[in-house]
């Protein structure tokens, strides 16, 4: 007969439902003022209640964050996207993350469907790479993981010292093409400039459609202003002394007449379309729609070359300034974007804008990260061109 040691009590067995409830109770979803509707949709899909967090501004425009619920030892998911008020969106995210860090949260995941300043990821003259600065600020604030969607350049992930999951919205857009565009088999995928050709080629291969590229369009970059770096180097009066060169080596060496040669001036060719769009449905794809002048100009050229209908599909619909009016007056038949950025006001101004909900993808990503499951399922069949 076995004897049980006095004072020792066997722990009660936990049923599966208790374990599930414990795992979900460790998740806290909070959000700033950028996109509360998306945060509520994600929380509803996960069967959770949006955490108590209020973000407001004082009269001097300072940001105040108040978290009413306890976050100690919990996994925090901050849903904050980029909008036209990008600077306030960033400060709200940083202050919320730091507030959770100082309140002893176990992990802090920033869910940023559209990363602000993602287009400033290259060195421009005497400027700086703003995306790297933003990444350093996010890492310092206490974020331990980033979930974003369709970065302007995938290399931005290397700016972060924490894991970054760059989700793809292309499955939603591909499904929309197949189900909502009549006779999509008679379509051609269009890249409005050579820089979007890789993305357009990926869509064309998955849909088994043709590809067209608009060539000669002005790039969306800073104007070539004259600054000190364009000044020619000073020329010396005396010829510098070189080491003696053999006759055979001298025959294989070329030299310039005076100074350093300058770059030839770029002369862009006339705006042309590489590919056939006559009598077909033109579908332009991109990652962001902000200033729409280039889209409108491309659509007019497609119409001139015989395109019967024109669609524009993009992940992020920022639609700044008078973009809704220009789109409404253009020959574009439909603009399809996801709800990574709120654009309800723009939809009231332009009836051509349609929205695809991607909250289910964000909810699934949060669930997999929290349960320590592989994220590869969300990136299946993804290639380097995507």
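Glycine is treated like the rest: Cβ placed from N, Cα and C.
Unlike curated entries, TrEMBL annotations are predicted automatically.
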Stretch carrying region 'Disordered' according to TrEMBL (options 1-21, 22-42): 1-21
For the domain 'Ribose-phosphate pyrophosphokinase N-terminal' (27-142), the number of residues DSSP places in helix, strand and coil: 39 helix, 26 strand, 51 coil
